[in-house]
Amino acid sequence: MSLIEDARRGVVTEEMRIVAAAEGVTEDFVRRGVAEGHIVIPVSPYRRVKICGIGEGLRTKVNASIGTSTDMVDVDMEVEKVRQAERAGADTLMELSTGGDFLEIRRRVVEATTLSVGSVPLYQAFIEAARKRGAVVHMEPDDLFRITAEQAKLGTNFMAIHTGINYETMKRLQNQGRHGGLVSRGGAFMTAWMLHNEKENPLYSEFDYLLEILKEHEVTLSFGNGMRAGAVHDATDRAQVQELLINAELADKAHEQGVQTIIEGPGHIPVDEIQTNVVLQKRVTNRRPFYMLGPLVTDIAPGYDDRVAAIGAALSSSYGADFICYVTPAEHLALPTPEEVYEGVMSSRIAAHVGDMIKLKKRDADLEMGHARRDLDWERQFAVAMNPERARAIRDERMPADTDGCTMCGDYCALKIVGRHFNF
């Protein structure tokens, strides 16, 4: 019996109770959200997972993606990225390796954390085809489905699956063209395979079989956005919207079959199109959880893309996005270091909180900080801060002569001056 089927029968499971307690909502609110497909709770029958609810009415969650590349294969470094992501407060991880021993890397990552771990089975299937048969276009569909099941058994409990790339989607892309090209690795692999083999995407044509595998292993299906824009000038184009419509229809089918679903969204969107994208996604998918990569709101700030994405993520969250994939300062430049993973998670967590201040009216912590600053209560300020360690380190490094204030104002602290005359 899947979580959705339990929820439909009126059963409040332990996972639902945990989410309700963590989010400050009723157990029945969570149960109804799961039953209707507005909330997902990734679980795994193969390992202990820290329970995390994603969706409508819940705090915006942050994912940290890690993984090797063909140029950098260091499993110990990837495990350290897991630690840094957890230290920074990530809610979930995705393991997206494209180099090295896939089984060993994923096993080490899964063993290093209790967070939900996502994957993209398509990567492994295509790259193994290239290693064994000389090119990604020689991937065998049976291998793709086998790898999906194997990754689930290892403890991967949500998966990005590129079902929305089919002949109709490709036609839209070919007819329209793009300024920034096709930047999704999964989208590129599948498009190349389809064109070379003159066959439909097996994840689309054999979707019923895919659902059987995912349901058997209680995997949450995250519909991949293989046609997402890689430049702001391509945002909200026909190929992106076509893929969304296909994924929306398939999500209905998956939900009917008892498979939890998330819809992934675009990665580069100008500020004035973010609300349009969130509203469109929520409308056509029947309010399923929306997972945004960033989004990045400008293309000209490499080295600072964690900040660029935080702007987009804050707005996306405020309009109703439920799940944010972090972006690191190394985006578009290099594989991130553990330190950059930490920075990326922190930037996205700040953005998620800013969005929740609007979407959920969650402002109690900000009120507490305002009072602590008014009272020059530094310990309270550190306790409320999203990163107490960093805040304390900066202050300790530049401690003022008068320890009530700080070195920004020194003797002329506005709060101390006014405090002599007002009792706020």
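Even glycines carry a Cβ here, placed using N, Cα and C.
Copied over from Swiss-Prot, here are the features:
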- MET94, TYR123, HIS162, SER184, ARG185, GLY186, ASN225, GLY226, MET227, ARG228, GLU264, TYR291: substrate binding site (BINDING)
- HIS268, HIS332: Zn(2+) binding site (BINDING)
- CYS406, CYS409, CYS413: [4Fe-4S] cluster binding site (BINDING)
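What Swiss-Prot annotates, mapped onto the structure for a quick look.
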{"residue": "MET94", "record": "substrate binding site", "CB count, 10 Å": "22"}
{"residue": "HIS162", "record": "substrate binding site", "CB count, 10 Å": "26"}
{"residue": "ARG185", "record": "substrate binding site", "CB count, 10 Å": "17"}
{"residue": "MET227", "record": "substrate binding site", "CB count, 10 Å": "29"}
{"residue": "GLU264", "record": "substrate binding site", "CB count, 10 Å": "27"}
{"residue": "HIS268", "record": "Zn(2+) binding site", "CB count, 10 Å": "24"}
{"residue": "HIS332", "record": "Zn(2+) binding site", "CB count, 10 Å": "13"}
{"residue": "CYS406", "record": "[4Fe-4S] cluster binding site", "CB count, 10 Å": "16"}
{"residue": "CYS409", "record": "[4Fe-4S] cluster binding site", "CB count, 10 Å": "14"}
{"residue": "CYS413", "record": "[4Fe-4S] cluster binding site", "CB count, 10 Å": "17"}
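Across the structure, CYS406 ([4Fe-4S] cluster binding site) and MET94 (substrate binding site) place their CA atoms 40 angstrom apart. A straight line from the CA of HIS268 (Zn(2+) binding site) to the CA of MET94 (substrate binding site) spans 20 Å. Counting only same-chain residues at least 6 apart in sequence, those with a Cβ under 8 Å from the Cβ of ASN225 (substrate binding site) are GLY164, SER184, GLY187, GLN240, GLU243, LEU244, GLU264, GLY265, PRO266, GLY267, LEU293.
Per the record's binding annotation for substrate, residues MET94, TYR123, HIS162, SER184, ARG185, GLY186, ASN225, GLY226, MET227, ARG228, GLU264, TYR291 show a top Cα-Cα distance of 19 Å. DSSP assigns MET94 (substrate binding site) to a strand. Cα of MET227 (substrate binding site) to Cα of HIS332 (Zn(2+) binding site): a span of 17 Å.
Within 8 A of the CB centroid of the [4Fe-4S] cluster site residues CYS406, CYS409, CYS413, the other residues of that chain are PRO400, GLY405, THR407, MET408, GLY410, TYR412, ALA414, LEU415, LYS416. ARG185 (substrate binding site) carries a helical DSSP state (H, G or I). When the binding-site residues MET94, HIS162, HIS332 are ranked by how far their Cα is from the Cα of CYS409 ([4Fe-4S] cluster binding site), HIS332 comes first. Under the three-state DSSP scheme, HIS268 (Zn(2+) binding site) falls in the strand class. The binding-site residues recorded for this entry are MET94, HIS162, ARG185, CYS413, and the Cα of ARG185 lies nearest to that of HIS332 (Zn(2+) binding site).
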